Amino acid sequence: MATKTKTQWTCNQCGATAPKWLGQCPGCHNWNSLVEEYVPQARSGTSSRSSTSAIALSSIELENESRIFIDHAGWDRILGGGVVRGSLTLLGGDPGIGKSTLLLQTAERLASQKYKVLYVCGEESVTQTSLRAKRLNISSPLIYLFPETNLDNIKQQIATLEPDILIIDSIQIIFNPTLNSAPGSVAQVREVTYELMQIAKSAQITTFIIGHVTKSGEIAGPRVLEHLVDTVLYFEGNSHANYRMIRSVKNRFGPTNELLILSMHADGLKEVSNPSGLFLQEKTGPTTGSMIIPIIEGSGALLIELQALVSSSPFANPVRKTAGFDPNRFSLLLAVLEKRAQVKLFTMDVFLSITGGLKIIEPAADLGALLAVASSLYNRLLPNNSIVIGEVGLGGEIRHVAHLERRIKEGKLMGFEGAILPEGQISSLPKEIRENFRLQGVKTIKDAIRLLL
């Protein structure tokens, strides 16, 4: 009698499983995200005995050449000082944002250092990929294109070519023929990534994987996909703008939350040497409702413009909208502004926007957001050319922020003359900054509002 094929229902967002179909995923609570997949049968007679033995940590010798430098300052920095041999890097982003372009340029830089690159172009033909390479002036003989989606054929090509670098474009199109599910399904993405990880670690092949993202901006596929790889990078930005951002959210071999800003040109992507200047280049002069705040992105500071608009509301329920700023935190801050500084906003529509399409979550932008709102409401400017730094507590107090010196140095570099900051942190700054940079300390949000009046 033939054995019955077992199936299970797996969430295509988080990878959670259930024995039967459910309308809502029990893991991530998304609706209609469970799909049916076959459960692979365990092989009979397999042994659980390990083929390796434990190794003393002190006896392991590290190679000095364990990292490969891409010869691109920004790329090497965001990867923690070059890419580690045998590592698996996942690059996720929206369609058409430039993921393939970026990795083709990366392949060219690595090939120029005599590394052999295998580029698996599963989504495009060889002709389409070569046309893009020609536009980017890429013609290295050490870059090999392989238009294939079958994992078995890819593994055979890897064994034949023995590349140093492997690029998969993209993971959602590659399939394992031993599984009875469609390419891009939870089971396929999980198993294909696992096998690529095994190949990368055993053969010391540095691997880059391109992944699609969902509507919410997360990499499509099971959450285990991000756990399997060594580095997760998000490629962000507006496809209608000429700049892109790469943000590291996971890195086993370096720091996380690093940010790399690139500009799109006819011949590919190039690093922006002065990111603060990029986001402030269209600011013509002092404007009510506008504040400049320094935020920390990875190991560097970045100046951005925060704009607020306050107008009378014709409706009983005023509108509160944000772009690039957490709306829940903004509602909380407006409540603090009304309660602690007696700024009446209950009949006003309030809008807040981060210019350039950036998204910020750090609390050091609190004070800048509230001063921008007050500036728009009272139609008053800050008296000096200053940046604004500070977290606002529920009691209206201005709280300390991290990396204050780094933020102020970035403001000084960009030509600003002073800063509004927590009063209690002024004494911790170096003497040079205290003497050569105008510092205005504030204890409460009410003190900060007085600077406008």
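For all residues, glycine too, the Cβ spot is worked out from N, Cα and C.
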Which range of 50-54, 215-219, 250-254, 355-359 is motif 'RadA KNRFG motif', per Swiss-Prot: 250-254
Of 11-28, 101-118, 191-208, 371-388, the range Swiss-Prot labels zinc finger: 11-28
Cβ packing number for Ser100 (ATP binding site), 10 Å threshold: 22
Helix, strand and coil totals (DSSP H, G, I; E, B; other) for the motif 'RadA KNRFG motif' (250-254): 0 helix, 2 strand, 3 coil
Neighbouring C-beta atoms (10 Å sphere around the C-beta of Ile97 (ATP binding site)): 19
